[in-house]
Amino acid sequence: MKVVVIGNGMVGYKFCEKLVAKNTAANISIVVFGEEVRPAYDRVHLSEYFAGKSADDLSLASKEWYSENGIVLHLSDPVISIDREKKTVFSHAGVTESYDYLVLATGSAAFVPPIPGVEKEGVFIYRTIEDLELMIGWAKKSKKGAVIGGGLLGLEAAKAMLDLGVTNTQVIEFAPRLMPRQIDDAGSKLLHSKLEDLGLTIHTSKNTTAIEGDAAITGMRFSDDSSFDVDMLVISAGIKPRDELARAASLEVGPRGGITVNDNLQTSDPFIFAIGECALHKGMIYGLVAPGYEMATVVVNQLTAIANNTPLGDGGSFTGFDMSTKLKLIGVDVASFGDPFVSGDGVRSIVFDDSVKGVYKRINVSADGKQLLGGILVGDAEQYNMLLQTCKNKVVLPPNTEDVILGARGGEGDAGAGVTSLPDDAVICSCEAVTKGSICDAVKLGYETVDGIKKCTKAGTGCGGCVPMVKDLMLHTMKAAGKVVRNVLCEHFDYSRQELFDLIKLNELRTYDDVLNMLGKGDGCELCKPPVASILASLWNEVILKKGNDTAQDSNDRFLANIQKGGTYSVVPRIPGGEITPDKLIVIGQVAKKYNLYTKITGGQRIDLFGAHLSDLPNIWEELIEAGFESGHAYGKSLRTVKSCVGSTWCRFGLHDSVSFAIRVEERYRGLRAPHKLKGGVSGCIRECAEAQSKDFGIIATEKGWNLYVCGNGGSKPQHALLLASDIDEETCLKYLDRFLMFYVKTADPLTRTATWLNKMEGGIDYLRSVVVHDALGMNAEWEAAMENHVNSYECEWKAAIETPELRKRFTHFVNAPEQKDPTVVFDPMREQKRAKEWK
Amino acid sequence: MIAEKTITWFAACSVSDVPANGGVCVKNNDTQIALFHFTRRDEWYATQNECPHRMQMALSRGLIGTQNDEPKVACPFHKKTFSLVTGECLSGDACAIKTYEVKVEDGVVFIGIDE
């Protein structure tokens, strides 16, 4: 059988891909004609071309892919006519090909309204990579832009204009609202104001009557007699099916364009199919890629059944397609699913409209409140996948229906239905039509990574929106199969950090090599050395540079300082609670001057000295220790600082002496090695000047004692600490902290802060409280003893380093010229100090 | 015909100057060389000291280890890893580092400089 495909866009390519996959008997030959110079590329993500993606990045398959799969590909060569009687097509370049079956995947062109002046220079359409290249050239000298079209494509084009640097851009929509097909008035209003925040000017109910200018566009005029100056215009007002070839071949077309097809996607000639945006099915043109892919599958199923003379089953008809969409428009989430507008008897709507945060959500629910019929999300579309699945699979809604858009408020448990409640035939990836069942099957077959599942099922390879659900399904399936999701350190250890911690303790291993010999394999690496070294330090409280463990330390720990740009180090002496005497301040100033260091106050109420040469570190520390300072462990995954407010000793509001308590806490836990850095805070009253609730542990004075908060952090994903215990005295507070910290040190994964550790903990803060306060694990006595041991064995590592000759001699840049400093270190002057030279 | 490489050996330091399973930086005129003693494998390696990613003189301070039995060093700055054998970047970047031959005689470590 010979199949000729006219059109090499996304749907035309998908047709080839699916036909190749199903053509196992190799009895179908394929010839493709495409009019563009490139093989099919990803038009959906066209705007990323501006964001730095190349034409190659957008490409769906290389020319080689076609030839490797036996497909003859004619590029830059449109078909100009079809002889249906002789079942032959003729191309522009003179190629003649006969066919058994012909597939029209000619797609669509931009719809250009008949406005006088559209032919002027500076007026563009937005459809192909060539269009984009023309726009890029023109945009360089353009200052005032406009886009005709406030629908999905128009707003994409507006984003393209912003990306091109034409920030003064007006969007002109003929309808009374933006995205009239997808969202309702209220949603549109919100989108409108969000887009205006980004600098776009939006006009609705505006009808362009003329494009003005001589050769090039200079302005636009509208039916309300208004006008404005514009030097670049993009028309993106909709699509027009490419049906001219079909028309010329006397195939039936719709009154407003589109090649008429039946449920089998056959045109009025049964040997000719039409798929994608050129096909008119039941009076509808589908302008999205997912239905186009579905059409490709339907035709592939029919052709392979015919070629192999096998029964067709039910995969040979197209029954319409859900037009649900989710997109991120210029940073604003917009989604609609099911029937977004349905109203009337038997339908109720729940609307959440928060104009402060800029979120609008509407769901339409059946009268009995059990079924989700459709909805709209603007500003926050996180629940889109779940809602779409709930809607499509008619999953019964929970009693408090509003929870599905608002989340459960108070109380426990999941809001509504999770992935587990979906039926097996629920489509998770709508781009590739992959069901929950096939994803779970892939996991059961051993594809236990998201990448593996992507390769095996193709789920998540389209828009990527379903990837979080794919991951959830993978984890659920693995858990249901009784599989522990292995969380091993690296190729040298088949254990998680927690397992290693217990095994090292049980076997009393004390050096990295002993651990590797007994519990691992191979020669180690930068992934397993630091966590193992950290476990050894947590367990045995020995000086970390002890022989055998020195070179297993992460390099900041190895040199007891933080490496900075240019290869010099920074030095942070401990200043417990942020309290420091004038004499000590003077010493820091003197040391900084002597060694020519840049000084800065840190976020943790300490002083950081930057720009120290490696070989100066021991001398600097010798002077600091002489003055009574000790290591601040700024380089280690260990306790950093306990920040305090001034408290009741000076402050007129202070309830207790927060500084004294902070110093006590900091000195108790100094040097404690942990999976990640630890920060604390103590505030003398509820005004919380120490910002203790943003720390791994925070203590706040109350009338009756102290409130203890845990597991907060700043960083990239700030999270407030949660209340663990209230109105407790200092001793109880330290006891709870001992247990909490040891629980964390023992069980967290490498580089996991307490906040993330708690987020992953089943049962959350309630469980943590049951362990730390109520001793649910029966471990508290052991943990308190371990902390006591830590406190008693603490010594300053810098003191040990400068007093031990074989440790001290490692602090040189050149092993064969220890007196010389690295000559490549260069500083630039800045504000009476210096800075590291910018790297290349 | 294979061109003969001329290697000049220079004495870098003594074996005990280099920490076990770690590295040091050796000065050879104006060149900085990172020298590693992979004690676990009883092997010596030498490479340029400069990490080609951000041009930082720091590879000698990096952690060493293996990836699929290939000896490697990780730069302390951004953990880019390089093969100690071929100098190739194992983190997927195009940059590579220069490697040198090493020999040990009577407790002295020699690095071979090819002209």
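One is the number of the first residue shown, and numbering goes on along the chain from there.
Just so you know, glycine gets a Cβ as well, placed from its N, Cα and C.
Annotation comment: TrEMBL describes A:1-283 as domain 'FAD/NAD(P)-binding'.
DSSP assignment over the domain 'NADH-rubredoxin oxidoreductase C-terminal' (A:324-394) gives 9 helix, 35 strand, 27 coil. What TrEMBL records for A:324-394 is domain 'NADH-rubredoxin oxidoreductase C-terminal'.
If you look up TrEMBL, you'll see A:636-772 marked as domain 'Nitrite/sulphite reductase 4Fe-4S'.
Residues or ranges marked as [4Fe-4S] cluster binding site in TrEMBL: A:C645, A:C651, A:C685, A:C689. Secondary structure from DSSP puts A:C651 ([4Fe-4S] cluster binding site) in coil.
Residues annotated as siroheme binding site in TrEMBL: A:C689. The secondary structure of A:C689 ([4Fe-4S] cluster binding site), as reduced to three states from DSSP, is coil rather than helix or strand.
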Winner by Cβ contact number (other Cβ atoms within 10 Å) across the binding-site residues A:C645, A:C651, A:C685, A:C689:
A:C645
Report the residues of the chain - excluding A:C645, A:C651, A:C685, A:C689 - with C-beta within 8 Å of the mean position of the site's C-beta atoms, for the recorded [4Fe-4S] cluster site, in sequence order.
A:V646, A:G647, A:F653, A:G654, A:S658, A:S683, A:G684, A:R687, A:E688, A:A690
Tally of helix, strand and coil residues over the domain 'Nitrite/sulphite reductase 4Fe-4S' (A:636-772) according to DSSP?
52 helix, 33 strand, 52 coil
What mean pLDDT does the predicted model reach across the domain 'Nitrite/sulphite reductase 4Fe-4S' (A:636-772)?
92
